[in-house]
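So the structure is just underneath, and the comments pick up after that.
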């Protein structure tokens, strides 16, 4: 068997796909250019000011900014007529009291966030006044310092003392900027109190002191409560009530020259998540208050109901007497500034016209600088904005020179200019690099063609020495090096993306040009018109529609159901579900004759086929009850099984869910154990069997205990709080350790074959005595006999007896050997790895997801038996004999099942649906780095991709596992062909075995790859679509990430098969004499 060449080919194919994805994403999701310039007090922005505005007395000398993370706009509203408020309603009455009793001193607004609605991006937004880009969401795990001009930098430059306490994200974003800093760890979403309690211990002493000018406190309890319990939970009521008390207490400490700001950075969905751009996620609350009049305008001047978060930056800057940050595109909140000629508390207060002029001139300066550094804002838009600013500038300056205030029309023109500038930047900063996108599309398209050709010509490719990779590798290296040299000579630098593109594309072209039998592959392209690939084509087309992407869970379920019904319908159409008649003597001698299966075999396989279809349909139907809901789906209600048991308030329902989860966990373990036992794979005393017999059940038991500890209500067992906290650390880490040990042992010793010596009879032939069987196998002797691979042992005995005949009676004591479990020697380790991985991934999900994992196991088993039965019935046709290839239908079904169970485990291709709580399984106190939590979240998100990918080789083995034996010679008529040798048939044909593995792996990669290609095409074609950032861009990111994970674990599965093959080779070398090999 050619092991390394096959693995090298798979690695190369995956690498080509990775390069294509990297290229396209690099052109589609570019980060906007950051302007590293800062505003200064020397900027003369007022006409005839005789200096700059920094020298003017600021309206407010101090400011207290309270960020209540995830303070949704609804949370701050108060409805006195609501007699039965929900846990998050009417919990902040202090805001309503101040707004209604002191309208000139207080104001409540909807604070509109720009997506992505993750904490780090929101902090950047309301500190710099700039707009984020989509790719910024990926940085939420690792906050990097803000390089653009921002409020914190301007405050420090003005000599103000900024004191911070709370979320440690600020310390990462603004290192060494604070006069005093008290950061607390923020990533542990299960911890509702540490950050908030730390702030409360320090905020009041700080307010009483004089060593601060601006105090920033970032509370996290509300956000963490939403992540852990959701907004509709008593814990949320407690947290909001606590925040109400904080606001009331802080107000009591304020002086007349202090501005008080309370705001949320983003909202939350009904499940407590955020990150996307739905209304519930983008609408936060903003509350402004001061002991002195804050809104000096007349009552007739209406306050805006909605304030974009970018508008806070210029407003706070001018109120505190510091320059507006250079890159801000926000607009001042005009009701906070007096009209011209209106009396104010101080003669130096900026009027609305002065504030708008400073704001407009600052934005114009930024646009001029940015347009000189980057070309992503269209010239037409820049010309229009420049003309607007020139016109309003002339109008404003002429009125100032005439000594009269600007007219309301001029003020509206400046506001319109600022709004237009912001919207132009928002539209332009979704910038694309069409050349990189096109290169990525080309490389991905070539990779899909490459996969198809490899799957069709796997036998020819494997038969070539070196598998034809030498020339593509050399040409790829030369192509990449040539592009690097040209770039270095012409541009002075090297862009790695284009070097990789050249290397990947040139290697693909050379391989397709040199591969043997390419003409036959082109003829095989007619097979693309087969029904399974038409289903795959429909699946790819659905990715171009936002409606189908939103309803993807049900769309994939329908396609899976349709293709499932196609299999028995095709068999019936071709006559394989009826016992065939004897060969027709009237047919010409050269015509194909059907090979008759016995009637009882056809009836039995037909019954198995119907049972598989029934189990599959039942699993699909039940899994629909486990789906989540997107924000766009309106009245959709997410499954109650998606909530952790700790969120369930009804004790009966919580207990019922726990019992169902433990029962599903036990069934998962039992079914895997029973299958291994049935095929004789648990008789061996090796490491893999130890993992199956002991480690897997023990890990299951610890998982059940962990669920019991994590679902225990904190308020009911306070006396056991320390023990429960210890259990939440020890139990999951114990499970991870056991499963890791099991997988290590499986790799080191993957054989599950039991060898039993038996005294040899000196006679040969049918009089040989029947062997006796161990009673410890747990199954009947008849079943044991069926799975002993009789002809294999017969060959071993023949070889040994030949040695007796030739070497004399002194060698007659050489024992014959019986091997249990050899018929499933490849599939058993794969299934054990599947069980170990599945149990570890289940631990990363909510406890109630255990039934979903059981349905996943049942659906996977039904697909395997459906494929095996179809192969058995199709073997009546001569063209199906001795074929190791896996048809398209099971491969497409396998891939669709992976996508379907992505949704059935509560996941969605949206960022708010990411189950961040997985990062804290076994680590309730949080992490010191970001690698482990990121890895745990990835494993949780792509669980179904991992399980179906690593088990993909089972599609090759299962028809041999279920091989039928009959005494009527239906498999060819010879005595040897009647033997049921199961997976040893692959071992007897190592060349075909290698090509079959390559064939299956490349087909699966092709099916996954064309879906990535379809997502890429959708994002490229619809890049200006209204829903691109809400639907198509997240779908692209999840589809691409899913392919990366799937391809990696397909490689793991194939590598394990080859590891087993090495072990089998060593076993045979020990068993057979040199002369008989």
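Placed from the backbone N, Cα and C atoms, the Cβ positions cover glycine too.
Sequence annotations record features per position, and here TrEMBL assigns transmembrane segment to 7-31 (among others).
For the transmembrane segment (435-455), the residues of the chain that approach it from at least six positions outside its boundaries are 9, 13, 16-17, 19-28, 461, 497-498, 501, 504-505, 508-509, 511-512, 515, 518, 521, 525, 998-999, 1002-1003, 1005-1006, 1009-1010, 1012-1013, 1016-1017, 1020, judged by C-beta separation under 8 angstroms. Per TrEMBL, the feature transmembrane segment maps to 435-455 (among others).
According to TrEMBL, the transmembrane segment annotation covers 467-489 (among others). Counting same-chain residues at least six beyond the ends of the transmembrane segment (467-489), those with a Cβ under 8 angstroms from any Cβ of the stretch are 2, 5-6, 8-9, 12, 461, 495, 498-508, 510-511, 514-516.
Sequence annotations record features per position, and here TrEMBL assigns transmembrane segment to 495-516 (among others). With a threshold of 8 Å between CB atoms, the same-chain residues lying at least 6 positions outside the transmembrane segment (495-516) that come near it are 12, 15-16, 19-20, 22-23, 26, 436, 439-440, 442-443, 446-447, 449-450, 453, 457, 460-461, 464, 468-469, 471-473, 475-484, 487.
Marked as transmembrane segment by TrEMBL: 528-551 (among others). Packing against the transmembrane segment (528-551) from elsewhere in the chain are residues 559, 562-563, 566, 570, 630, 632-633, 887-889, 891-893, 895-896, 909, 1007, 1010-1011, 1013-1015, 1017-1018, 1021-1022, 1025, 1027, 1031-1032, 1035, 1039: each is 6 or more residues past its ends and has a CB under 8 Å from a CB in it.
According to TrEMBL, the feature transmembrane segment maps to 607-626 (among others).
According to TrEMBL, the transmembrane segment annotation covers 656-673 (among others).
Residues or ranges marked as transmembrane segment in TrEMBL: 685-708 (among others). Sequence-remote contacts of a segment are chain residues at least 6 beyond its ends whose Cβ falls under 8 Å from one of its Cβ atoms, and for the transmembrane segment (685-708) they are 645, 658, 661-662, 665-666, 668-669, 672-673, 676, 727-728, 731-732, 734-735, 738-739, 741-743, 745-746, 748-752, 828-829, 832, 835-836, 839-840, 842-843, 847.
Here the transmembrane segment (720-748) has long-range neighbours at 687-688, 690-691, 695-696, 698-699, 702-703, 705-706, 709-710, 712, 714, 829, 832-833, 836-837, 839-840, 843, 921-925, 1056, 1059, meaning same-chain residues at least 6 beyond its ends whose C-beta is under 8 angstroms from one of its own. What TrEMBL records for 720-748 (among others) is transmembrane segment.
Beyond the transmembrane segment (825-844), the same-chain residues lying 6 or more positions past its ends with a Cβ under 8 Å from any Cβ of the stretch are 665, 668-669, 672, 675-676, 679, 681, 688, 691-692, 695-696, 699-700, 703, 706, 732, 735-736, 739, 742-743, 746, 750-753, 850, 853, 856-857, 915, 918, 921, 936, 939-940, 943, 946-947, 950-951, 953-954, 957-958, 961, 983-984, 986, 1053, 1056-1057, 1060-1061, 1064. Residues or ranges marked as transmembrane segment by TrEMBL: 825-844 (among others).
Here TrEMBL flags 851-868 (among others) as transmembrane segment. Within the same chain, residues 564, 567, 608-609, 611-613, 615-616, 619-620, 622-623, 626, 641, 660-661, 664, 667-668, 671-672, 838, 841-842, 845, 886, 889-890, 893-894, 897, 901, 904-906, 944, 947-948, 951, 954-955, 958-959, 961-962 sit at least 6 positions outside the transmembrane segment (851-868) and bring their C-beta atoms closer than 8 Å to a C-beta of that stretch.
Packing against the transmembrane segment (1042-1060) from elsewhere in the chain are residues 1, 3, 6-7, 10-11, 14, 17-18, 21, 746-747, 750-751, 825-826, 829-830, 833, 898, 902, 938, 942, 945-946, 948-953, 997, 1001, 1004-1005, 1008-1009, 1011-1012: each is 6 or more residues past its ends and has a CB under 8 Å from a CB in it. Summarising the annotation, TrEMBL assigns transmembrane segment to 1042-1060 (among others).
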